Structures are given as C-alpha cells and as structure tokens.
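Participant: If you scroll down you'll find the structure; I have some questions about it.
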Amino acid sequence: MEVQRVQEIASLSKVIDTIPAEYIRSENEQPVISTVHGVVLEVPVIDLSDSDEKKIVGLVSEASKEWGIFQVVNHGIPNEVIRKLQEVGKHFFELPQEEKELIAKPEGSQSIEGYGTRLQKEVDGKKGWVDHLFHKIWPPSAINYQFWPKNPPAYREANEEYAKRLQLVVDNLFKYLSLGLDLEPNSFKDGAGGDDLVYLMKINYYPPCPRPDLALGVAHTDMSAITVLVPNEVPGLQVYKDGHWYDCKYIPNALIVHIGDQVEIMSNGKYKSVYHRTTVNKEKTRMSWPVFLEPPPDHEVGPIPKLVNEENPAKFKTKKYKDYAYCKLNKLPQ
C-alpha cells in the first residue's frame with residue numbers, strides 16, 4: 001500500500017488552502033487556542049567554553065530540573081560542520097519522491113530506521129504534519145548504511161563528521177548532569193549504556209502548511225536519555241511549562257538539549273523530561289536534526305541507586321530500554 005507523504009499533501013493543499021481532516025488537531029489542542037500568545041520563553045543558554053566548570057554544572061543541573069531543556073553555545077562543533085549537516089539533509093528532502101522512497105522504512109519493519117511519515121500510534125487518529133528520516137550514526141557497530149541517502153554524495157561524510165564531533169559534547173553533558181546531583185562523573189553515561197550508547201539521527205521535515213492554525217506536531221517527551229537538536233532558521237518549538245504552552249526562541253548556532261525519559265528515570269525524577277511539541281509555518285519549511293542518545297535495546301535502565309533511599313523511594317521501574325520503548329510507542333502503561 002502506497003503511503004502518502006506530508007510533502008506531497010502539502011503541495012496539493014497549497015492549491016485548495018485547506019488540509020486533510022486527519023491533520024487537524026482537536027479544538028483544545030489547536031495552537032491558536034492552546035498557546036500563550038505574546039510571550040516567547042527564553043530557554044536557558046549555557047556557554048560550554050566557560051572556564052568555571054562548577055558554574056556550568058550548576059546551570060545544566062538547574063535547567064534540567066526546572067525546564068528539561070536548554071541551549072548550549074561555544075560547544076566546540078564548528079559552524080561549518082553543522083551547516084554541511086543541514087545542507088545535505090535539505091538536499092535529500094528536495095530529491096524526487098521516488099528517490100526518497102528507495103530508503104523508505106520497509107512495511108511491517110520493527111526497525112525505526114528509514115524514510116517515513118507515521119511514527120507511532122496517533123492520538124485519536126490524528127497525524128503530525130511532518131515527514132522524517134531516521135538512521136543511526138554511532139557506534140559503528142550499530143550503523144546500517146542501507147538507510148543513509150546515497151544522494152547527495154556528501155551525505156555520509158557530513159553525518160560522520162557531525163557524529164564524531166558530537167561525542168565530546170555528549171560526554172560532557174552526561175558529566176555535568178552527574179556532577180549536578182553529586183554523583184560520580186560517569187554515572188549517567190554508564191547508566192544509559194556507556195560506550196554502547198546509540199546515537200539515532202532523525203531529520204524532521206515540516207513542509208509549509210496552508211492552515212498552521214489547525215495543525216501541530218504530536219506533544220510528547222523524548223524516550224531517549226538526552227536529545228541534542230540542530231534546528232533550521234524557522235522557529236516552531238513549543239514547551240509546556242507551569243500548565244501552559246509557550247513558544248520558544250532559539251539563538252543562532254546553539255545546540256538545543258532535551259532531557260529525555262531515561263535521564264528522568266535515572267535521576268529518580270530530579271531532572272525533568274521536557275514535554276514539547278512543534279508548530280508549522282504557512283510560508284516556510286521547518287527542519288530539525290535531533291540526535292537521540294538511546295541505551296542499547298537490552299540495557300536495563302532504572303533510578304541510580306545513590307539517588308534512592310527511605311525518604312526518596314524509587315519512582316520508576318528498572319526495565320530494558322526496548323521494553324520501555326515498546327510501551328511508549330504503543331501507548332501502554334510503563
């Protein structure tokens with residue numbers, strides 16, 4: 001059965017100035033109704049080049065407790081490396097449809113990798129206005145080049161270079177999260193799988209939408225340990241804070257860091273997995289490049305023992321990551 005891609009629907013919808021019913025959110029979810037207007041939140045910005053490591057640790061820890069999201073600048077990844085990553089991803093989504101379908105997710109596949117549209121069980125049959133491409137970029141043993149675009153030819157080099165540079169940033173983030181709770185520096189990285197941690201790249205492609213007031217990405221928390229995201233220049237992130245949805249402002253050349261479910265679990269609830277969603281734009285294509293830092297499927301994740309005691313009993317079960325992911329994607333209780 002042929003799957004209709006959002007990119008194709010967008011080009012048809014442009015002509016008739018409407019969108020199919022399955023992309024229209026329920027009234028209480030629609031961005032025009034559910035968003036606090038006139039207020040743009042300044043997501044915390046943390047300078048990773050600061051010579052005072054204690055200060056960085058304090059800022060990362062505070063942002064992870066209060067927000068579950070922050071931006072990092074002077075992170076050590078050259079702007080040119082990020083620009084190339086964006087360039088080759090944009091090029092892929094501009095290819096003819098039949099060429100993109102060559103690396104489509106096989107029907108019935110249990111793997112998340114490949115080009116696709118529908119990701120998980122949609123709430124009330126509603127769909128997100130987005131196409132995507134998933135593939136693993138690290139470690140080498142986890143990579144399946146079958147799902148990496150052959151076109152543009154520079155795609156592989158750009159992604160491998162970004163993966164190489166990202167590792168140091170990720171290691172430091174895990175260290176700061178650990179030190180922020182008075183743990184050993186490797187506590188969070190080891191708890192999430194250590195050197196077997198999987199780096200899963202996703203490219204989100206949100207085409208222009210004739211009715212951005214009606215469509216939304218699905219509100220969710222990330223099931224990863226942490227997510228490190230590169231946005232394009234079109235804003236569209238909303239964060240749920242203090243009972244309301246707010247638009248968030250990015251700053252140029254920053255990486256956006258989301259605390260995911262596995263860090264919330266390991267921290268026994270001290271750090272918060274950020275509840276977020278995306279809006280779409282009438283005129284412009286929005287793209288983003290999140291990398292999900294995921295435990296290996298059989299790795300067990302649970303609260304770090306040092307954070308559990310009589311006053312603070314375990315708030316989460318310890319379970320294999322693949323079992324957690326299955327429950328999350330199928331909307332089953334954990």
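Positions of Cβ are set from backbone N, Cα and C atoms, glycine also.
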Participant: Considering the Fe cation binding residues H220, D222 given in Swiss-Prot, which of H244, H276 is annotated for that site as well?
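Facilitator: When Swiss-Prot describes the Fe cation site, the candidate it includes is H276.
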Participant: Mean pLDDT for the domain 'Fe2OG dioxygenase' (196-295), rounded to an integer?
Facilitator: 93
Participant: Using the Cβ centroid of H220, D222, H276 as the reference point for the Fe cation site, which residues of the same chain not in that list have Cβ within 8 Å?
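Facilitator: Result: A219, T221, T227, H258, G260, S273, V274, Y275, R277.
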Participant: Helix, strand, coil residue numbers for the domain 'Fe2OG dioxygenase' (196-295) per DSSP?
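Facilitator: DSSP classes over the domain 'Fe2OG dioxygenase' (196-295) add up to 7 helix, 44 strand, 49 coil.
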Participant: Within the chain of H220 (Fe cation binding site), which residues six or more apart in sequence place their C-beta under 8 angstroms from its C-beta?
Facilitator: Y275, H276, R277
Participant: When a 10 Å sphere is centred on the Cβ of D222 (Fe cation binding site), how many other Cβ atoms does it contain?
Facilitator: 24
